[in-house]
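Noted in TrEMBL for the protein shown:
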TRANSMEM  A:19-39  transmembrane segment
TRANSMEM  A:46-64  transmembrane segment
TRANSMEM  A:70-90  transmembrane segment
TRANSMEM  A:102-120  transmembrane segment
TRANSMEM  A:140-159  transmembrane segment
TRANSMEM  A:171-192  transmembrane segment
TRANSMEM  A:198-221  transmembrane segment
TRANSMEM  A:228-249  transmembrane segment
TRANSMEM  A:255-279  transmembrane segment
Amino acid sequence: MIADALFAPFFDFEFMRRGLAGCLALALGATPVGVFLLLRRMSLMGDAMAHAILPGAALGYLAFGLSLGAMTVGGIIAGLVVALAAGLVARSSILKEDASLAAFYLLSIATGVMIVSLRGRNLDLLHVLFGSVLALDDNSLLLISAISTLTLFALALLYRPLVIECFDAAFLRSVSGTSPVAHYGFLVLVVLNLVSGFHALGTLMAVGIMILPAAAARLWVRRLPSMLGLAIVIALASGIGGLLASFHADVPAGPAIILAAGAVYLLSLALAPGGMLGARLDRRPHLES
Amino acid sequence: MKRDIDVPALRLENLTLGYDRHPAVHHLSCDIASGALVAIVGPNGAGKSTLLKALTGELSPLQGTFRLKAGREGVAYLPQQNEMDRSFPVCVFDMVAMGLWRDIGAFGGLRRDQAERVHGALAAVGLSGFESRQIGALSGGQLQRARFARMMLQDAPLLLLDEPFNAIDTRTIEDLVAIVLGWHAEGRTILAVLHDLELVRRHFPECLLLAREPVGFGPTAEVLTSERLAIARRLASDFDDAARVCQRQPERGAA
C-alpha cells in the first residue's frame with residue numbers, strides 16, 4: 001500500500017519520471033554550489049542573483065517567444081553581467097560585495113520591468129517565476145543535466161582553491177594567482193545553476209534547492225565532504241517528497257519541493273547537534289580533557 | 001640555505017604606499033640583507049602592515065619600487081589572525097597541509113613523504129594529536145601554532161609576519177619565538193611587525209622604526225632610543241585631510 005503510494009506514480013507517469021530526473025540533476029549540481037554559497041556567507045547573494053536573472057529571461061522571451069534557448073541565454077547573460085560587475089566593483093572600490101550586488105540587481109530588475117512595460121505585452125511569465133518541474137521537456141532536461149555535469153567537473157577542478165578562498169583568502173592570494181579564478185569561476189557556477197533551477201522551480205524558488213539542504217546539512221555534520229554528501233541526499237529526498245506530495249495532494253510541485261526541503265531544515269534546526277535544541281538535549285557528561 | 005651577502009634579500013627604493021593618495025608609508029628606502037632578522041616597529045597607523053601587504057603584491061606602490069631577491073614565489077606571508085574565517089569546516093591537518101601549495105598545487109595529492117612533513121611541522125609547533133580537530137575548535141594560541149606550522153611547510157627564503165604574537169599567552173610566544181629564531185638560524189630572511197619592544201630588544205638584532213616616515217633602521221639598540229620613539233609617536237599622529245601634493249625628490253643613496 002505504502003510502496004504503491006511511493007513508487008507507483010513514478011512507474012505509471014512519464015512526467016513524474018521527468019520531474020524526478022530534473023530533481024536528481026538539480027540535487028547533484030545546484031546543491032553543492034549552495035553549500036559553498038552558504039559557507040561563503042553569500043546565501044542572500046544567491047537570492048539577489050536569482051532576481052537578476054529574471055529580466056534577462058524575460059527579454060529572451062520578449063524577443064524570441066517561449067524558447068528555451070533564448071530565455072536561458074538571456075538569463076545567463078544577465079546573471080553573469082550582474083555577478084561579474086558586482087565582483088569587480090567590490091574588488092576595486094570601497095563598496096562591499098553585498099552593496100554593489102544589491103545596486104546591480106536592482107538596476108537589472110528595473111531595466112527588465114521597463115522594457116517589458118514599454119512593449120506593452122501581457123507576458124505569460126508564470127513559467128519563469130514559478131517553474132514547471134512537472135512539464136520538463138527533453139530540451140529542458142538536457143539543459144539541466146548538462147549544467148549539473150559541468151558543475152560537478154568544475155567543482156572538482158576548483159575544489160581546493162575554492163575551499164582556501166572561503167576560509168583564508170589572504171593566504172591563497174599570497175601563494176597563488178588562483179584566487180580570482182576560484183572567485184569568478186564560482187560566481188559563474190552560481191549563475192548557471194540558478195538558470196538551470198529556474199526551468200524547474202522558477203527564479204524565485206531556485207535558490208531554495210541550493211540553500212535549504214545546505215543549511216540543514218551544516219547543522220548535522222562537521223566535515224565539508226560529509227556536508228556536501230548530506231546536502232545532496234536532503235535535496236534529492238525533498239525533490240521526491242515534493243513530487244509525491246504534489247501528485248497525491250494535487251498541489252503545485254515547485255513550492256512542494258521547496259517546502260519539503262524547508263521541513264527538513266526546520267526539523268534539523270530543532271534536533272541536529274548544531275541546532276537550537278540539539279546541543280541542550282545532549283546530556284552526556286563532559287570529558288576529562 | 002646558503003647566505004649570499006652581496007645581494008640584499010629585499011631592497012626598497014623610495015617606496016611610498018598608501019590608500020586614496022594619502023601615504024601610509026612615505027619615501028622608504030632601505031636594504032634588508034639576506035638572513036636578517038628584522039622587527040618592524042611603530043605606532044598604530046604607521047604603515048607596518050601596509051608595507052607587508054605591498055611586499056606580497058596585494059597593494060601596488062603609489063611611488064617607488066622594491067626588489068625581492070627570491071621573487072614573489074619566495075615570500076611567505078602570515079597576515080593578522082582576524083582575516084581568517086574560523087567557522088569554516090576544515091581540519092587542522094588540511095589547513096596546515098595547504099602550506100605545501102607550491103609543491104602540490106590545486107590538484108596534486110599528498111605523497112607519503114609530504115604527509116610526513118605535515119606531521120613533522122605539527123609536531124614542531126606542539127600540535128601533534130590535533131590533526132583531525134576543526135580549526136574552529138582551536139584556541140587563539142593553538143591556531144597561531146597551526147599557522148606557523150603551515151608557514152614552516154612553505155619553506156620560503158623571505159618570511160613576513162604581521163603581529164604574530166598578538167593576543168597570545170607567554171608560553172606560546174616563547175615557543176613561537178623559538179621557531180622564528182630557528183628559521184633565522186637556517187638563514188631565512190625574516191621581517192616581523194611587533195609591538196612588544198622588550199621582545200624586540202631581546203631577540204631581534206635589527207629594527208625598522210616606522211611612523212609613516214622611516215624614523216630609523218639598523219641595529220636595534222641604536223634604533224629603539226627614547227628620542228626616536230618620541231619622534232615616531234609625534235609623526236604618526238599628524239594626519240591632514242587637506243594635505244598638499246608631496247613634492248619631495250628621492251634622495252640618492254640615502255637609507
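Yeah, the Cβs are placed from backbone N, Cα and C, and that goes for glycine too.
Residues 19, 22-23, 26-27, 30-31, 33-35, 37-39, 43, 46-47, 49-51, 53-54, 57, 68, 72, 75, 127-133, 136, 140, 143-144, 227-228, 230-232, 234-235, 238-239, 254-255, 257-258, 261-262, 264-265, 267-269, 272-275, 278 of the same chain, all 6+ positions outside the transmembrane segment (A:198-221), place their C-beta atoms under 8 angstroms from a C-beta of that stretch.
Residues 34, 37, 70-79, 82-83, 101-102, 104-105, 108-109, 111-113, 115-116, 119, 121, 123, 125, 128-129, 190-191, 194-195, 197-198, 203-204, 206-207, 210-211 of the same chain sit 6 or more residues outside the transmembrane segment (A:46-64) yet have a Cβ under 8 Å from a Cβ within it.
The largest share of C-beta pairs under 8 angstroms with the transmembrane segment (A:140-159) comes from A:19-39, of the ranges A:19-39, A:228-249, A:255-279. For the transmembrane segment (A:255-279), the list of distant contacts is 23, 130, 133, 201, 205, 208-209, 212-213, 215-220, 234-235, 237-239, 241-243, 245-246, 249: same-chain residues at least six beyond its ends, Cβ to Cβ under 8 Å.
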